[in-house]
């Protein structure tokens, strides 16, 4: 414990150095803007700026602090286009659209933006605190999470997402199935055989997550907007000056804490990141809510839970990277590359060999979270006004940005055709009253589920009992069962009680 | 109000990227045909830093993930066949894909191999508390029961990570198809799997172990090189020393489109040759966990084509292709 405090003290000394402090603030600000752009998320933000940070000749700790600031800022900023435009900037922000965008449409854009900023702040800070005190212990737990445990985690995620089953369960299941089908495209990770690629090399590696998100969500939303405008049914939104109140925060305080906890623990597992974390947090919240009828129509809890979770997972993903040198997410893989670029070897030795970098980075995350809250709250008004930009200007601008965002990551024109095709497909699905979130979740969870199931079975040589041999798995299966069963049982009991009570009530 | 509109619009348009095309090498670019953070990224970083003084402008690194290089080779054979500015990173994995037909119609004859960044070798790695103390222990266990040792790495069946394990099996005349091989998504996940006890033997690379050498978490049982490697790997026995004919060099380098004019190609070759002579290049290659291998131009092109031929032979033996 003493080591943690003295480490943190020396870390704050590094992070509070005026130049580094400036970099944290600058990184957070730029990161927020990058994250706010549809199509450009933390991964490409950091990847694009890495060579610039290197080229400027900063000291390693300064460069890493800058990149981490951008990473954090982009995670914060990702919520903005989700809430305002219904176009998620990256994978982790998909769940944010579910209740965030309805809130904005109900004239509560300012409230949604400020509430999600606070939820992000709590999630982010929560995970940094857990990381600084329990990092090494948590990391060694995380690597003992075996492929069969991941299978159990995915079952749990699917179970908690059963709550997404909306007005039409068949359509939701079909949507999830479409997601699973999209996930099976590409070279099979186990045997190296190409599946459903039809000889097109561009989809040999599968369809990139970003392409699916931008296509199905972003492009479909734009087509929908254009259609509404052509039909003259588009409502212009008034400038709203709503802001989150203390009463609102008191209402969602447990939601935010639960979301933070879920996000952090899913974040530390290598291979699962913000998208799984926010989905599980949303599902659990909806499942455990007493009255979940407002979810999907602008419930504050449905916004706070995924936002707290995706920022907590951003911190959680740092744990295996810093303590073991194993990246827990795509973005931390780039940060890891950045450390190597500066000849810093991440892992247990980093805390001894280069404490100024390890602790400086951790201290800068504390500062970054506070800075992001301070930067984001006053900007709420400015961002909320984005909605007042006339649609004929906003729609093409978003379309252009989404195309640039997708193209800048991979520089492959094929992806542009893909997002266009997926956009049209997504628009058709919307016309048919399909919800798009299950498609995305089927896509993410399906891939992870398949890879890990097959890994587990290769380990056991085809013996299925491997799936229930560890306590982690068993505990997760029990939780999955509870998540499905408890609301049903509670609901039935409540209904029974209501029926008992009703005859006594005067007719 | 107007300010707010202008500000929001500006904020949205401030990240435009504009590509440029010219016959001069005025915008040097290294294409890493993968997501950021992996081996191709590393290869491009070596070019970016090592050739810093050879070009006026900074070299840009771009990413083009897809089919372990399939997307990139396809693009450089269809639209960017004569781009004088761009070099593409490749590795032995890409050569293996050319050998086994994973790049569809594109093979070793469809690119202009340019220069090497360095070389690495396969490594047989176990967790520190593993009962296997030497490569012989692993091989004996495999001989007793070919499916009894859980091996794994970051690539699928048929990838070069799998080939390393398959070559080990082959060296004792065991059938590679009988081994228990777990395919992870990249080396990081595979190392996590090894440390977490999901797999017993990891067929990784020597270079990536630099950052794990002093931690006491893992042991390298053997390097898959012809001879012992220089420090810090000098203590690692080779598989050959232990009596197993299992060598797997991993070359890292760059190719260009096949229609690039000779003038531009030669300029690049000169840039690499000039960089090879500097101490900075040697230090850079070492820092990135690679061993020196300075080949460029025609000599390099011929060497790579020879390697592809050798791999075709191995792939046939391992039953990957007919």
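Placed from the backbone N, Cα and C atoms, the Cβ positions cover glycine too.
What TrEMBL records for A:21-40 (among others) is transmembrane segment. Listed by sequence, the residues of this chain that lie at least six past the ends of the transmembrane segment (A:21-40) yet keep a Cβ under 8 A from its Cβ atoms are 15, 49, 58, 62, 65-81, 85, 87-90, 210, 214, 218, 364, 367-368, 371-372, 375-376, 379, 383, 398, 401-406, 408.
TrEMBL lists A:21-441 with the feature domain 'DUF112'.
According to TrEMBL, the feature transmembrane segment maps to A:52-74 (among others). Under 8 Å from some Cβ of the transmembrane segment (A:52-74) lie the Cβ atoms of residues 14-15, 19-20, 23-35, 40-42, 45-46, 89-90, 124, 311, 314, 331, 334-335, 338-339, 341-344, 354, 356-357, 360-361, 364-365, 368-369, 371-372, all in the same chain and six or more residues away from its ends.
Marked as transmembrane segment by TrEMBL: A:112-138 (among others).
Annotation source TrEMBL lists transmembrane segment at A:150-166 (among others).
For A:173-191 (among others), the entry in TrEMBL reads transmembrane segment. Under 8 Å from some Cβ of the transmembrane segment (A:173-191) lie the Cβ atoms of residues 165, 197, 203-207, 212, 429, 434-444, 446-447, 450-451, 454-455, 458, all in the same chain and six or more residues away from its ends.
Summarising the annotation, TrEMBL assigns transmembrane segment to A:203-226 (among others).
Under the heading transmembrane segment, TrEMBL lists A:261-282 (among others).
When Cβ-Cβ distances below 8 Å are used as the criterion, the transmembrane segment (A:324-345) is approached by residues 42-43, 46-47, 50, 53-54, 60, 63-64, 67-68, 71, 139-140, 142-143, 267-274, 313-314, 316-318, 353-354, 357 of the same chain, each at least six residues removed from its ends. Annotated transmembrane segment per TrEMBL: A:324-345 (among others), in sequence order.
Under the heading transmembrane segment, TrEMBL lists A:357-381 (among others).
The transmembrane segment annotation in TrEMBL covers A:393-411 (among others).
For the transmembrane segment (A:432-449), same-chain residues at least 6 beyond its ends with a Cβ under 8 Å from one of its own Cβ atoms are 91, 94-95, 97-98, 150-151, 154-155, 157-158, 161, 164, 166, 168, 171-180, 182-184, 206, 209, 212-213, 216-217, 220, 271-272, 275-276, 279, 426. TrEMBL lists A:432-449 (among others) with the feature transmembrane segment.
If you look up TrEMBL, you'll see A:469-490 (among others) marked as transmembrane segment. Only residues 6 or more beyond the boundaries of the transmembrane segment (A:469-490), in the same chain, are considered here, and those with a CB under 8 A from a CB of the stretch are 144-146, 148-149, 151-153, 155-156, 158-160, 162-163, 283-284, 287-288.
Against the transmembrane segment (A:357-381), stretch A:112-138 shows more Cβ pairs under 8 Å than any other of A:112-138, A:203-226, A:261-282. By the Cβ criterion (distance under 8 Å, sequence gap of 6 or more), the transmembrane segment (A:112-138) is not counted as touching the transmembrane segment (A:393-411), fewer than 3 such pairs being found. Nonlocal intrachain contacts for the transmembrane segment (A:393-411), taken as residues 6+ away from its ends with a CB within less than 8 angstroms of a stretch CB, comprise 37-40, 43-44, 47-48, 85, 87, 208, 210-211, 214, 218-219, 222, 225-226, 229, 386, 419.
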